[in-house]
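What Swiss-Prot records for this protein:
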SITE      Thr43  site 'Part of a proton relay during catalysis'
BINDING   Thr44, Ile206  pyruvate binding site
SITE      Tyr106  site 'Part of a proton relay during catalysis'
ACT_SITE  Tyr132  active site, proton donor/acceptor
ACT_SITE  Lys161  active site, schiff-base intermediate with substrate
Amino acid sequence: MFRGVGTAIVTPFKNGELDLEAYERLVRYQLDGGVSALIVLGTTGEAPTVNDDERERLVSKTLEIVDGKIPVIVGAGTNSTEKTLKLVKQAEKLGADGVLIVTPYYNKPTQEGLYQHYKYISERTDLKIIVYNVPGRTGVNVLPETAARIASDLKNVVGIKEANGDIDQIDRTVTLTKSARSDFMVWSGNDDRTFYLLCAGGDGVISVVSNVAPKQMSDLCAEFFSGNIEKAREIHRKLRPLMKALFVETNPIPVKAALSLMGYVENELRLPLVPASEKTVELLKGVLRESGLL
């Protein structure tokens with residue numbers, strides 16, 4: 001579907017409403033920075049607090065701005081299989097290139113339940129599906145063996161966003177899924193694990209950091225894929241302070257503060273999320289300056 005960097009893009013708000021003017025600026029910044037895909041309405045896009053009408057407007061606006069240059073992937077995960085399918089169908093109708101489906105959260109399905117969830121949805125859409133494994137938020141972990149079973153059996157499930165963070169699991173997930181199906185893709189769901197996942201044979205990252213540093217994150221992957229491993233490692237090391245700073249509070253609180261400092265969006269979130277503390281804002285100012293982004 002894509003190799004390299006897919007930006008998990010924020011959803012800008014202003015006075016409680018979608019700020020589509022700011023959103024267009026941010027999308028064009030991503031395109032200029034060379035990212036390979038946009039992921040709309042994921043965790044970073046505050047999907048749980050965006051209503052169905054807003055979802056439609058945001059996805060439509062994204063497709064309009066991108067105009068086929070890169071894939072547009074829409075977050076469509078819930079903890080109800082039927083509700084998830086409804087969001088998938090909305091994305092399909094709007095013309096999205098694919099959907100990112102987080103594992104059902106709170107109700108904690110078994111590995112068999114996870115498999116059946118993705119099987120049910122994949123049989124009812126022609127869209128490309130990406131599994132999103134983020135056990136720190138969902139309470140459920142897609143084991144490498146389950147990911148490999150999905151890869152083997154469900155042909156329109158094209159890859160997994162692996163945000164487990166465990167290096168051993170990353171390695172096993174890459175190894176088992178690609179043994180099951182050579183074109184199955186694995187993206188890091190943690191910016192600070194991107195280089196390690198690439199070394200394990202993965203395909204890139206679905207990134208928060210690329211909201212503020214699209215070119216740098218794109219360069220990291222491009223250098224690696226070109227065989228310039230040491231150059232990629234150097235970029236990774238330079239990005240480490242930014243990677244760390246953007247997660248000192250719950251995502252997307254710091255990244256919205258950073259984008260506000262850079263002049264792209266208002267520093268506005270929807271409850272239950274609140275803006276970054278003054279301490280975090282000061283930290284971000286320093287890191288952004290050191291990174292040449294402010």
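Even glycines carry a Cβ here, placed using N, Cα and C.
The residue listed as 'active site, proton donor/acceptor' sits 13 Å from Thr44 (pyruvate binding site), taking the CA atoms of both as reference points.
Note on Thr44 (pyruvate binding site): other Cβ atoms within 10 Å of its Cβ, all shown chains, come to 22. Set side by side, the recorded positions Tyr106, Tyr132 differ in how many other CB atoms lie within 10 angstroms of their CB, and the most is found at Tyr132.
Cα-Cα distances to Lys161 (active site, schiff-base intermediate with substrate) place none of the recorded positions Thr43, Thr44, Tyr106 within 10 Å.
For Tyr106 (site 'Part of a proton relay during catalysis'), the nearest of the recorded positions by C-alpha distance turns out to be Thr43; the candidates were Thr43, Thr44, Ile206.
The two recorded residues, Ile206 (pyruvate binding site) and Thr43 (site 'Part of a proton relay during catalysis'), show a Cα separation of 11 Å. Remark: Thr43 (site 'Part of a proton relay during catalysis') has Ala8, Gly75, Val102, Val134, Arg137, Asn251, Pro252 as non-local neighbours, by Cβ distance under 8 Å and separation of at least 6 in sequence. The number of other CB atoms found within 10 A of the CB of Lys161 (active site, schiff-base intermediate with substrate), across every protein chain shown, is 25.
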